[in-house]
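The block underneath contains the structure these notes are about, expressed in structure tokens.
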Amino acid sequence: MLKDLIIFSTFVKLLLFPTYRSTDFEVHRNWLAITHSLPISKWYYEDRSEWTLDYPPFFAWFEWILSQFAPLADKEMLRVDNLNYTSDATIYFQRATVIISELVLFYALKKYLTTNNMKNKNLLNILAASIFLNPGILIVDHIHFQYNGFLYGIFLLSLAYAKEGNDLMCGIMFAVLLNFKHIFLYLAPAYFVYLLRHYCFQETSIQGTKKFSLKHFFFLGVSVIIIFLLSFGPFIIMGQLGQVLSRLFPFKRGLCHAYWAPNFWALYSAMDRVLIVFAKRLGWTLNESAIGSITRGLVGDVNFALLPQVKANHTFILTLIFQMASLVKLWKRPSYKNFLVSLILNGYSSFLFGWHVHEKAILLVMIPFSLISADNIALFRSYMILAVSGLYSLFPLLFKLTESTIKIVICLLWFILTFMGILSNLNYKRNNIKKYSQSNESKLSYLIKIIENIYMYGFIILQFFTGIVHQIIYKDGKYPFLPLLSTSIYCAFGVIYSWIRLSVIYFLGKDDENQEVNS
Amino acid sequence: MSKSSETVDNNGFIIPNNDQDPVVDSPAERWLNWLGQTNLGKCSTVITLLFGIYVRWNVGLNPYSGQNIPPMYGDYEAQRHWMELTLHVPMNRWYYYDLEWWGLDYPPLTAYVSWICGKIGSMFNPEWFALDVSRGFESEESKLFMRSSVLILEYLIYVPSVIVFVNWWLASKSWQKRRLAVLFILLQPALILIDHGHFQYNSVMLGLTVWSLNCFFYEYDVIGSVAFCLALGFKQMSLYFSPAIFAYLLGKCIKNKPQGFILFVKLGVTVIITFAIMFFPFLDSVEHISQVIIRMFPLNRGLYEDKVANFWCAINIIIKLREMFEIHVLTRISLFATLLAILPSCINLGLNPDKHRLVYCLANSALAFFMFSFQVHEKSILLPALPITLLILDEPFWSSWFNNVALFSMFPLLKKDRLILPYFVIWFMWNWMGSFVQRDVKPVVLRYISWASYLVMAVIHFFDFNIDPPKRYPDLYITNNFAI
């Protein structure tokens, strides 16, 4: 079955070759050129192209390895000054590297499946396929062009190790991951707490108490440091650490990314705009310079007219606060399940409250969430809302009409297979307790269910509006930001709702209930 | 069927217990079985259709025929030009207007459909079809529109016809077999690549033909003949099918007297009326209608164009027929050869007008025409490919081998359109899904022959990418190997 999956997915991805490429394609071509043609000392200084190297060193090495094979396709892509070079061979080569690198994800999924003792094999296959062929990965990696697939593979590997109890490897894998793409730093607190508590504190013979194990702490610490040294070492020796760090953490960018990730700040901005209208009516004083700044949907510093200004440290603190909340429970009881949910919640907080968040980061939440989406119906419904809002929020990445059919079709296919697949397997198991739960279903939860369903069907209307109606009504291009605005806001509701729901389940659930229903 | 010979599976579908087909463990079958196990059986058709859209759309993103190649561009420009033409030029000049630039050479139904497309397209952007100025017009939006028109027409006409066909043809088999057939037929590489890659509207003609078959299956012979007339009215190439259809209907008429005679009259009248309606605007003068016919059947072009995998081209390598005989002699030779090829199966069908035989005869007659007829295009291989593909589950070995060879024979055309990548991807995907290369056949030696042919194809492809000179001859050999 898995063999079929990988062959089929390869065909699916190969078919996507002629689709739209974003500037990210040129970014990676540039990095291939830089790592291949320039000595290491120049890698983080090269700036002939505007797409400078801003990922950690392991990724640079990855590009270097790929560039060794590039001459087989087209030598010209490796010239640093060959900006925006897109020969057919270049495209084929780069797209092929994405497909091949995703074998890591496949391996990770396979490993995760074998460590999982879920009785329902069907469900496992569905979950694996839903991750491997996640439309988000297809859209972001195979069309828009990035290399997230194999990074999520490493991420899942670390989770697989954690699940089977090999915490040391889990930590090592995460360190490796961090050195590939530092966005995973958002998840570091959860890892830190879990590994510290679970690995470095060992159970003693006295029930319930834990003893700090210096040996484990030492192993973990040294391994992580070694990984970081492998990665940053050359640059430290060359004294370039400062330059590298400044490339990795550019805080000059604005609060909201170009397309307004559906997070809290999007709602905040929207609220600000709404208040402006009221304020004008009521004659309040406004921050005049702010009125025009955020409506064009471009990257830049955002000024708010009425609500308080938001700086980078504000977002940082807010994110930390919300992350801490889930970490407390993790500290008290460091089970794998709590670890996983904390990771997801951490991902949520960083997505919702972070600075300059990309909507692609929703995958950081969605992928680990898929792993527990089939555990019970409540988790499943939260996952459903997240999946729909998250995937839909990726649609603006493919703004051209030519990709519109593709993104809708693959999402539809994925929804049908994943949702109905999981649902039918859940129902199948629940058949004997169905009568019990139906009579106990309160009016409130029934109402919630209806609202959720209406929300999800609302996406069809939203797509209709942003895709067709808006073009017709505002043919001369008035209000160009309106589709993006409505997409962001509508999706933000979904993301925040699923976050709250998951948090409720997590915080209110007793620990023995956290056991998987079907194991 | 007695009750004990059926079971109801957990999807609510009925499975006959006498499903005797040999089990071939192909990925597609595993897929359908898995869908059944996970209680998703009812969604399988929707999933297949959505996936079909996905494949076609992605193929459509590739270049079309003649993209960016002035001065004449290609088939895409021809279709676009017809939309422009039918939109602006008065009807009585359609078949006369500027014949050098892609003059209209299909029957009127194509023209009417083009007119509708042109009308809709102009609502988006009149520039695409502005009279004369828009020659060679190429933009992303217009390409999107044109590709969508092919997709929509296909899903309106061809796809439902296939589903109905399969439901009748495999009614006695399990639902998995039916879904399997739909999957294989709708992912047939050749049609996808030509219609959505090279750019044509063959699926309309093929769809109408399948509709006529469907009508015949349900004994709606009159409607069926209307459908077939429409197919003929869309593209005169469907004449390849006409002997078979004619033999079937004639046979039916002769068999049951006196109802047969009534049927004959009904059919005759219907056909005449249908054609009259379609050709009505062009019947005002003998000269006009003969102009239309000359455009549809250009007999002065010669026996064959160079690169088609049919009998005459193959012979051309050894015997230069074109130099030996004059054109009207060659016409007669080809006519004679074609007739000879179609007669046996048609007579057979006429004497026993059986629905199953009809499809086989369709294949025969189309293939005969392809092999021996006049002025055959390599795209015409799609015509015999249709009935043969419809038989995919009945004759998996022959059907898939033919499809593979047919696709291979079109490779030079696709290569010119820069459709090489989708060609390989869809080809391999289709074959992988059905595990076609491993299918059994008696006598076993045929299997090895097919493998040999695949090997030769691979070798030719390999050389093609490394060596430049024309290699048209080898693919003719392959197709002929098969045919003979």
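Heads up, residue numbers simply count up from 1 along the chain you see.
Cβ coordinates are placed from backbone N, Cα and C, and glycine is handled just like the others.
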Exercise. What range among A:259-280, A:479-500 does TrEMBL record as transmembrane segment?
Worked result: A:479-500
Exercise. Going through A:122-139, A:338-355, A:383-399, A:454-473, A:479-500 one by one, which has the most CB pairs that fall under 8 Å from the transmembrane segment (A:312-331)?
Worked result: A:338-355
Seminar exercise, completed: Across A:122-139, A:174-196, A:454-473, A:479-500, the most C-beta pairs under 8 Å with the transmembrane segment (A:216-237) come from A:174-196
Seminar exercise, completed: Per the Cβ filter (under 8 Å) with a sequence gap of at least 6 from its ends, the transmembrane segment (A:383-399) is approached by 20, 22, 135-136, 139-140, 143-144, 259, 261-262, 359-360, 362-363, 365-366, 369-370, 372-373, 406-407, 411, 414-415, 418-419, 452, 455-456, 459, 462-463, 483-484, 487-488, 490-495, 497-499, 501
Exercise. Which sequence positions outside the transmembrane segment (A:122-139), separated from its termini by at least 6 residues, show Cβ-Cβ distances below 8 Å to it?
Worked result: 1-2, 5-6, 9, 12-13, 16, 102, 105-106, 109-110, 112-113, 116, 148-149, 152, 156, 360, 362-363, 366-367, 370-371, 373-374, 390-391, 394, 397-398, 407, 410-411, 414, 417-418, 421-422, 425, 518
